[in-house]
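Annotated in TrEMBL:
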- 6-88: domain 'Shikimate dehydrogenase substrate binding N-terminal' (DOMAIN)
- S14, Q15, S16, T61, N86, D102, Y215, Q244: shikimate binding site (BINDING)
- K65: active site, proton acceptor (ACT_SITE)
- E77, G126, A127, G128, G129, A130, N150, R151, T152, H153, A154, R155, M213, G237: NADP(+) binding site (BINDING)
- 116-191: domain 'Quinate/shikimate 5-dehydrogenase/glutamyl-tRNA reductase' (DOMAIN)
- 237-267: domain 'SDH C-terminal' (DOMAIN)
Amino acid sequence: MDRYVVIGNPIAHSQSPFIHQAFAEQTGQVLSYERLLLPLDNFAGGLADFVQQGGFGCNVTVPFKTDALAVADVLSERAMLAEAVNTLKVQEDGRLFADNTDGAGLVMDLKRLGVPLAGQRILLLGAGGAARGVMGPLLAEQPAALIVTNRTHARAEELAKRFAGLGPVSHQPLEGLHGAFDLIINSTSASLQGERLSLPASLCHSNTRVYDMMYGKEDTPFMCWAAEQGVTHRYDGLGMLVGQAAESFYLWRGVRPEMEPVMQALRARLEQER
Ligand code: NDP
């Protein structure tokens, strides 16, 4: 059976096996997909063992996305731009192809939700790995402005500089954020830690939409802040998670799975786990 894994540390929480097994069932593909926990100091060795044992491909998550970049033989343009890799495929010639599907997953989900992107003013909170992965695909949708802000301001500044050639990107310090936005995306892990970002009410207008990359929780501090500002269009990152997986699945198998039934099944599963 064609073998795939998701590699991380920790990895027990990953929903990727559930998603990919559902995709495989839906599309009639015969494959196995499991979790692979690797020691923090031996990503390359663990991956080499997996490939040697006949592995076909893998997803890579925290904290190995830059390690995956380093071991790749061939990089997609979006992985190169993001300087982070979440998908590896063993090519027929044995070389490792590396991609980053996070941004495609986010944009796919925003389009599915009917969120306009072209001509919009977008605020991106955070400048970590997830932010790096989504900036290129967001700029490709031709927003009027993409402003990045981060707790450590120098990282936002650096990101804005790196992507400046791709569109109207700039940065603002987190304290002192100003202007109103059509879409606010939270890519910080503050929600994960239950921490509240200090954001001014003036960021929202009557039709602002918000997206929290954290998934499966509608009452994160960021979502609660948005609700307090009267924002009614609030979305979590579950569709992004399924979207990036669908893009990886397509890269490996050449078949595009349907996202909607898998999203519904995953949401029900997360509800049950709570
Ligand atoms: P990183 O660790 O690479 O980056 C974390 C970011 O959050 C940094 O910008 C960091 O700022 C900021 N941050 C952390 N804590 C706080 C805080 N208390 N207040 C303000 N800013 C804070 O993580 P990732 O970018 O990989 O992931 C970020 C989030 O996105 C996670 O919640 C993750 O689960 C989610 N995610 C969801 C995906 C999906 O498919 N739905 C895909 C990928 C990620 P600083 O630079 O100052 O440290």
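Using N, Cα and C of the backbone, Cβ positions are placed for all residues, glycine too.
Among the binding-site residues S16, E77, Y215, the residues whose Cβ lies under 6 Å from any atom of ligand 1 are, in sequence order, Y215. Residues of the same chain lying 6 or more positions beyond the ends of the domain 'SDH C-terminal' (237-267) and with a Cβ under 8 Å from any Cβ of it are 4, 15-16, 18-20, 22-23, 26-27, 29, 31, 56-57, 59, 86-87, 89, 97, 99, 101-102, 104-106, 108-109, 112-113, 211-216. Mapped onto three states, the DSSP output places M213 (NADP(+) binding site) in coil. Counting neighbouring Cβ atoms within 10 Å of each of the binding-site residues (Q15, S16, N86, T152), the lowest count belongs to T152. Residue pair E77 (NADP(+) binding site) / D102 (shikimate binding site) shows a Cα separation of 13 Å. Nearest neighbour of Q244 (shikimate binding site) by Cα distance, taken over the binding-site residues A127, N150, T152, M213: M213. The binding-site residues near K65 (active site, proton acceptor), taking a 10 angstroms Cα-Cα threshold over the set S16, D102, A127, A154, M213, Y215, amount to none. Residues within less than 8 Å, Cβ to Cβ, of A127 (NADP(+) binding site) and separated from it by at least 6 positions along the same chain comprise V148, T149, N150, T152, R155, A156, E158, L159.
Here A154 (NADP(+) binding site) is positioned 24 angstrom away from T61 (shikimate binding site), judged by their C-alpha atoms. Working note on the recorded positions K65, Q244: by count of other C-beta atoms within 10 Å of each C-beta, Q244 ranks first. Of the recorded residues, M213 (NADP(+) binding site) and S14 (shikimate binding site) place their C-alpha atoms 15 Å from one another. When Cβ neighbours within 10 Å are tallied across all protein chains shown, the highest count among the binding-site residues E77, D102 belongs to D102.
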